[in-house]
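A.B. asks: For reference, the structure I am asking about is given below.
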Amino acid sequence: MSPRVGVTLSGRYRLQRLIATGGMGQVWEAVDNRLGRRVAVKVLKSEFSSDPEFIERFRAEARTTAMLNHPGIASVHDYGESQMNGEGRTAYLVMELVNGEPLNSVLKRTGRLSLRHALDMLEQTGRALQIAHAAGLVHRDVKPGNILITPTGQVKITDFGIAKAVDAAPVTQTGMVMGTAQYIAPEQALGHDASPASDVYSLGVVGYEAVSGKRPFAGDGALTVAMKHIKEPPPPLPPDLPPNVRELIEITLVKNPAMRYRSGGPFADAVAAVRAGRRPPRPSQTPPPGRAAPAAIPSGTTARVAANSAGRTAASRRSRPATGGHRPPRRTFSSGQRALLWAAGVLGALAIIIAVLLVIKAPGDNSPQQAPTPTVTTTGNPPASNTGGTDASPRLNWTERGETRHSGLQSWVVPPTPHSRASLARYEIAQ
């Protein structure tokens, strides 16, 4: 028996309404019979229940979200597996039912946010991401559809479903690209490991869209957009924006992850500085303890390769002892060998492009997608040095009087009930 209205999972969670269908499962509004509260239940799709890889990914999602506890991260309450009348066991997550609206729906309705609301959203999101980054987790799919805003202006990040612990064995296939093309970091589009700086890049794209009303890169398909993230600089932001705001977004959208803010905390601190009227601080280029600095995105140009080769040769010469003037013969290649090397390089580049095309998601953020996965329970607070500073900037109350249209709500996000004291904000469009 497939999930349907009235089904009770594990004798406790009674499904009441289908909210959304995503890549891995369905999200239902349900009632917890034991505690008498409304919850969201994400049920793994039946066609994936017999697939060990999908089952493991679903379990990993539960473990990931169970590590985190922060007001800015939607909560997970429970995980379980339930027998479905002879169809085998089906896994599910029980999550916080968020009373809010996804940012992509807000932007669709308003065009862009006022500057003060955009900066408030970015700082809150950065501080919430820092909790995950301090725990060794990378979200890998930061986008407006995964950023919810409650009637009081509280930001909640959802859908850590493709997040993975940086130090854990990957569940996804080697080289698999995870993320959404419009918001993907260049290193992710190339199939490299995602880092906290990758989340910062994606959040920078969100910020670009929030303050300008458009995404930095557009194209006919996911591959085109992803290649622009890899190779092209973002178009200049509108000149009516303050210089420090433009500088903040420009820093987060550099191609080299080592040149960005290294995690959500330093980014949030930079946003706080901008909100206070100061210039954003330059990112620290010191890599996190125990990790090598990420490599720059390769440009594929002969000049870059030649410069790197020359630098390595010079360093090698300095480190070798004198050999009495004897120099080994210089290695040369025949024209046939050079042709083979050139062909191998072209084939390698084509392989990367094909991999991106096969696995990257659709370019838009409004198409049906996997339901966001809220997150919860941390085993203690991270050290103060990992929090990225204190949240000194006051959170704005985004609530205004009057009705708010709720179009395009996604995941398990629900509009306020008639008993809500405040309706969702009709966000001010920046002039």
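Backbone N, Cα and C define each Cβ position, glycine as well.
Per Swiss-Prot, phosphoserine is recorded for S10, S46, S75, S105, S263, S309 (among others), and the stated evidence type is experimental evidence. Taken from Swiss-Prot, the feature phosphothreonine applies to T21, T65, T172, T180, T302, T313 (among others), supported by experimental evidence. The feature region 'Activation loop' is assigned by Swiss-Prot to 162-184. Among the features that Swiss-Prot reports, topological domain 'Extracellular' is placed at 361-431. According to Swiss-Prot, the transmembrane segment annotation covers 340-360.
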A.B. asks: Take the Cβ of S10 (phosphoserine) and count every other Cβ within 10 Å, whichever protein chain it belongs to.
C.D. replies: 12
A.B. asks: Averaged across the topological domain 'Extracellular' (361-431), what pLDDT does the model get? Just tell me the whole number, please.
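C.D. replies: Mean pLDDT for the topological domain 'Extracellular' (361-431): 38.
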A.B. asks: Based on Cα distances to T21 (phosphothreonine), point out the closest of the modified residues S10, S75, S105, S263.
C.D. replies: S105
A.B. asks: Taking the Cβ of T65 (phosphothreonine) as the centre, count every other Cβ atom within 10 Å, in any protein chain shown.
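C.D. replies: Here the count is 28.
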A.B. asks: Just give me the nearest neighbour of S46 (phosphoserine) among the modified residues S10, S75, S105, S263, Cα to Cα.
C.D. replies: S10
A.B. asks: Taking only the Cα atoms, work out how far S105 (phosphoserine) lies from T180 (phosphothreonine), in Å, as a whole number.
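C.D. replies: S105 (phosphoserine) to T180 (phosphothreonine), Cα-Cα distance: 17 Å.
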A.B. asks: Just name the winner among S75, S105, T180 (the modified residues) by count of other CB atoms within 10 A of its CB.
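C.D. replies: Per the Cβ count within 10 Å, the most buried is T180.
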A.B. asks: Could you tell me which of these modified residues, T21, S46, S263, has the greatest number of Cβ atoms within 10 Å of its own Cβ?
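C.D. replies: Comparing the modified residues T21, S46, S263, the most crowded Cβ belongs to S263.
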A.B. asks: Could you measure between S10 (phosphoserine) and S75 (phosphoserine) for me? Cα positions, answer in whole angstrom.
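C.D. replies: Counting only the Cα atoms, the answer is 20 Å.
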A.B. asks: How many Å separate the Cα atoms of S75 (phosphoserine) and S263 (phosphoserine)?
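C.D. replies: S75 (phosphoserine) to S263 (phosphoserine), Cα-Cα distance: 21 Å.
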A.B. asks: When DSSP states are folded down to helix, strand and coil, where does T21 (phosphothreonine) land?
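C.D. replies: Reduced to three states, the DSSP call for T21 (phosphothreonine) is strand.
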A.B. asks: What's the CA-CA gap between S263 (phosphoserine) and T180 (phosphothreonine) in angstrom, rounded?
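C.D. replies: Just about 19 Å between their Cα atoms.
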A.B. asks: Roughly how many Å lie between the Cα atoms of T180 (phosphothreonine) and T65 (phosphothreonine), rounded to a whole value?
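C.D. replies: It is 20 Å, counting Cα to Cα.
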A.B. asks: When DSSP is mapped onto helix/strand/coil, what comes out for T65 (phosphothreonine)?
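C.D. replies: Once the DSSP labels are grouped into three classes, T65 (phosphothreonine) ends up as helix.
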